[in-house]
Number of protein chains: 2
Amino acid sequence: MPGEFELIARHFAALTGRRADVVLGVGDDAALLDLPPGQELVATVDTLALGVHFFADCPPAALGHKALAVNLSDLAAMGAGPAWALLALTLPAADDAWLARFAAGFAALARSFDVSLVGGDTCRGPLAVTITALGHVPRGQALRRSGARAGDGVYVSGEIGAAGLAVRARRGEITLPAALATHAARRLDYPQPRVALGLALRGLASAAIDVSDGLLADLGHICASSGVGARLELARLPLPDGALAVATRESLVGSGDDYELCFTVPPRHEPALGALAASVGCALTCIGRIEAAPGLWLVDEAGQTRPAAQGGHDHFR
Amino acid sequence: MPGEFELIARHFAALTGRRADVVLGVGDDAALLDLPPGQELVATVDTLALGVHFFADCPPAALGHKALAVNLSDLAAMGAGPAWALLALTLPAADDAWLARFAAGFAALARSFDVSLVGGDTCRGPLAVTITALGHVPRGQALRRSGARAGDGVYVSGEIGAAGLAVRARRGEITLPAALATHAARRLDYPQPRVALGLALRGLASAAIDVSDGLLADLGHICASSGVGARLELARLPLPDGALAVATRESLVGSGDDYELCFTVPPRHEPALGALAASVGCALTCIGRIEAAPGLWLVDEAGQTRPAAQGGHDHFR
């Protein structure tokens, strides 16, 4: 079995191409990186751990993809362009074939967004992947959670709920029709970070967050940070085909792992969203509106309004 | 038991003060950071995992200190000033008292180097701490592993071997006299990153690395990166008082976890090191010299020269 340093050198070298702004990459005590002038550095870290964030049968390539994707999704929610990543990998054993597939999944996504791997660490233990993603945004132009104002439209990209359905199906709680099962598994294992959308929303959105804990919980974070409330119309939720045959809108609005963007847009900018959706190639759906008074309200299909039960993932509950 | 978000908010808020260059810290999808003009970003990541890097009886405050210290040590080895850190913490349970002590250890070291915690993630699992440290260095002035040239002096800061003695004592392999036991435990649990030394070595050292894998292995990394060899004089090693009563010089040169700096200095700059050692408050000892031919050679106390057995930590061997 090859040693740690060889493992890192072999598989990390294959992980991704090298950007011109990487002055010094993997192989020294630290990486040296060139941030373009006029930009703020954007930094985030997320861990995916076996049994908490993914199942034992998660394909290694999917894990490599997803561990990077969830971090790029955080950068997207800030309106930042991704640039560099650092990878801390805990493995039960140095399995060369496993690492090759993990690296392939990571590298494919990294290349598609021109992200360079610039640092790494490995150690032995229960499977877990911690990635730090670094990017940048022109000074003062980042999207924050705190800018939502009463009257702003509440939007979500793509569709909501498929990843949560896949989780419930893998736990044996529900059975999905074949087409939905395939679609949902793909959404759970290979989430696509909305990087282009995040960049395009700069100057338009008043607040943004990525949908990781569940749409309702994440919109709750925007409201809490902004000191506002929101009214969500369940009938407007963009759902996967066939989802309502196996789940309620109420459950889908609380399921996580979608990695779409939820964002708010002042009325004067809302007319621009049609062209923007076309240019970035994903649906943007208005699902509600921000209100001055704190509190999250759900309007059901019958037009009845009621307070939303707060929820979301919480690994320590 | 409080939830994840409350835990993070409560203990992370207490972790460290906030620098003026933190535009947006913990609490959004990512942090926004201001890199001073003319500087390169320096980034590194390291994981400490229970049973691999520390023992079950490691005090939480020491773990909080050490997890940050080993990363600041990497920045020091680049000649970089530390600025920001991101923390990914995997815990078996949300233990409030444990977290308070961990946070106190982290915060004390962070404050002493004016490091702001700007991001974090927690999840449930076997205890492990992954920290990404970010800092900066004036463009083109970073210390690398690759600059050592034949004739350069090989230096090490402080002393070597105490942390390795503490590891062997905790494993029951050796018994240390009381004073050495206390000293060695302190060195293992609370390593002091040589940040001031790293900054002072810019423009003087031709190469640098921090001593984490063991002096011999780390000097080997410098030689490999620089395409040179080195001759090490065992009699010159700066060792803890009493160390030679319980261990050989050969074993001490291979023991890790010291977090001193090993660096090479061209002869024309060596006269400056005396004043530099006084100004940064730590001993700097010349322990050998770089040679043109690859290979590491040990000169023993009797003046006999022999090839060094390569070694060092490797978590996958």
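Each residue, glycine too, has its Cβ placed from N, Cα and C.
Curation plays no part in TrEMBL annotations; they are all automatic predictions.
Per TrEMBL, Mg(2+) 4 is bound by A:ASP29, A:THR44; the candidate from A:ASP21, A:ASP57, A:ASP74 named for the same site is A:ASP74. Scoring each of the binding-site residues (A:ASP46, A:ASP74, A:ASP121, A:ASP257) by how many neighbouring Cβ atoms lie within 10 Å, the top position goes to A:ASP74. Between the C-alpha atoms of A:ASP257 (substrate binding site) and A:SER212 (ATP binding site), the distance comes to 5 Å.
Taking the C-alpha positions, the distance from A:SER212 (ATP binding site) to A:ASP29 (Mg(2+) 4 binding site) comes to 33 Å. Ranked by Cβ neighbours within 10 A across all protein chains shown, the binding-site residues A:THR44, A:SER212 are led by A:THR44. Proximity to chain B (Cβ-Cβ under 8 A) holds for A:GLY120 out of the binding-site residues A:GLY120, A:SER212, A:ASP213, A:ASP257. Taken through DSSP, the domain 'PurM-like C-terminal' (A:149-295) splits into 64 helix, 28 strand, 55 coil. Residue environment of A:ASP29 (Mg(2+) 4 binding site) contains 29 other Cβ atoms, counted within 10 Å of its Cβ in all protein chains.
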